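Working notes for the structure below.
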Amino acid sequence: MLLTFLFLENRTLVSEFIFQGFSSFREHQLTLFVIFLALYILTLAGNVIIVTIISLDRHFHSPMYFFLSMLSASETVYTLVIIPKMLCDLTGAGQPISLAGCATQMFFFVTLAINNCFLLTAMGYDRYVAICNPLRYTIIMSKRVCFHLVWGACSIGLIVAVTQVSAVFRLPFCATKVAHFFCDIRPVMKLSCIDTTVNEILTLVISVLVLVVPMGLVFISYVLIISTILKIASAEGRKKAFATCASHLTVVIVHYGCASIAYLKPKSENTRDEDQLISVTYTVITPLLNPVVYTLRNKEVKDALCRAIGRTLS
C-alpha cells in the first residue's frame, strides 16, 4: 500500500522535464553552440529570402515556387520551435520545460514535420504534371488545386499531432530527464512509469503512414518522370528536364532518409549519441538544405537574388 502511494506521489510530482541535450559532449558545448547558431542564422536568412523573393517577384508566381515558399515558411517555424531552446541549453542558461511547454513543442514539431513531408510530395506531383503532362499543366495545377494540396498537408499534420501528443501525454511520468535536446516522441515516452508498447505501435503505424506513403508517391512520380524524360529526343531537352527535378530530388532523399532512420528503425537500435546525430540532421541540416539547394542549383532564383541585391545597393 505504501509503495503504491509513493508511486502515485512520484508520478504526480513530475511537472517539468530537463533536457540532457549534448551532455556527453560537455567539453565541446561552446563549439557546438557557435556551429548551430551559425547554421540557424543561415537557415532563417535563406528561407526568409526565398519566401520574400517568391512573394515579390511575379516571375515566381507559379505552382512550383508557391510550394517552395510554403515549404520555406514551414521550415522557418519548424526551426523556431526547436533550435532557440537548444542553443539556450548549450550556453548553460537553459531552464526546465513544463509538461505543457513540452506538449506544445512536440505538437508544433509533429505538425510541421508532417506538413513538410506532404509538401515535398505535392512538389513531386507538380514536377510529374509539368514533365509528363505539360500541355494541361496550368489546368491541372490551378490555384485552387495548389491551395487544397497545401491545406491537406497542414490538416494531416494537425490531425496526427493531436493524436500523437494526446496519446503521449496521457502517460504517467516518473522521471524528469529527457535524453534529447527537444521533446521528441520516443525520448519522452521513455520517462513513463508504465509499459508503452501500445504507444510504440501507434508511433510506428503513424510513421509508416506519414513517411512510407509519401515516399511511395514521390517514387512513383519519379519513375514516370524518368520514363518520360528518356523519351525526349534531344540531349539538351533531357538535361533541362532533369535539372528541373534535381533540387527537389536532393531535398527529398535527405529529408525522407533521415526521418526514416529516426522513426522506422527498431526501438533502441541506436545509441543515444547516434540518435542525437540523426536528429541534428533533420532539425538543423535539412531546413538549411532547402534554401541552399534551391538557390545554388536554380538559375532563376540566383538571378532574382542578384537583381534584388542590385536594387538594394543602387
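Every residue gets a Cβ built from N, Cα and C, even glycine.
Curation plays no part in TrEMBL annotations; they are all automatic predictions.
The transmembrane segment annotation in TrEMBL covers 30-53 (among others). Beyond the transmembrane segment (30-53), the same-chain residues lying 6 or more positions past its ends with a Cβ under 8 Å from any Cβ of the stretch are 22, 60, 68-69, 72-73, 75-76, 79, 83, 86-87, 90-91, 284-285, 287-288, 290-292, 294-295, 301, 304-305, 308.
Among the features that TrEMBL reports, domain 'G-protein coupled receptors family 1 profile' is placed at 46-294.
The transmembrane segment annotation in TrEMBL covers 65-83 (among others).
The transmembrane segment annotation in TrEMBL covers 103-125 (among others). Long-range contacts of the transmembrane segment (103-125) within the same chain, counting only residues at least 6 positions beyond its ends with a Cβ under 8 Å from a Cβ of the stretch, are 64, 67-68, 70-71, 74-75, 77-78, 81-82, 85, 97, 146, 149-150, 152-154, 156-158, 160-162, 164-165, 168-169, 182-185, 188, 210-211, 214, 217-218, 221-222, 248, 251-252, 255-256, 259, 282.
Long-range contacts of the transmembrane segment (145-169) within the same chain: residues 63, 66-67, 70, 99, 103, 106-108, 110-115, 117-119, 121-122, 125, 185, 188-189, 199, 202-203, 206, 210, each at least 6 residues beyond the stretch ends and with a Cβ under 8 Å from a Cβ of the stretch. The transmembrane segment annotation in TrEMBL covers 145-169 (among others).
As annotated by TrEMBL, transmembrane segment applies to 201-230 (among others).
Residues annotated as transmembrane segment in TrEMBL: 242-264 (among others).
For 276-296 (among others), the entry in TrEMBL reads transmembrane segment. Cβ atoms under 8 Å from those of the transmembrane segment (276-296) belong to residues 22, 36, 39-40, 42-43, 46-47, 49-50, 68, 71-72, 75-76, 78-79, 82-83, 113, 180-182, 184, 247, 250-251, 254-255, 258-259, 261-262, 270, 302, 305 of the same chain, restricted to positions at least 6 beyond its ends.
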Long-range Cβ neighbours of the transmembrane segment (242-264) (under 8 Å; 6 or more residues past either end): 113, 116-117, 120, 123-124, 127, 130-131, 203-204, 207-208, 211-212, 214-215, 218, 222, 225, 229, 275, 278-279, 281-282, 285-286, 289-290, 293-294, 297-298
For the transmembrane segment (201-230), distant same-chain residues with Cβ under 8 A (at least six beyond the ends): 114, 117-118, 120-121, 124-125, 127-128, 131-132, 156, 160, 163-164, 167, 185-186, 189, 238, 241-242, 245, 249, 252, 256, 259-260, 263-264
For the domain 'G-protein coupled receptors family 1 profile' (46-294), mean pLDDT (0 to 100): 87
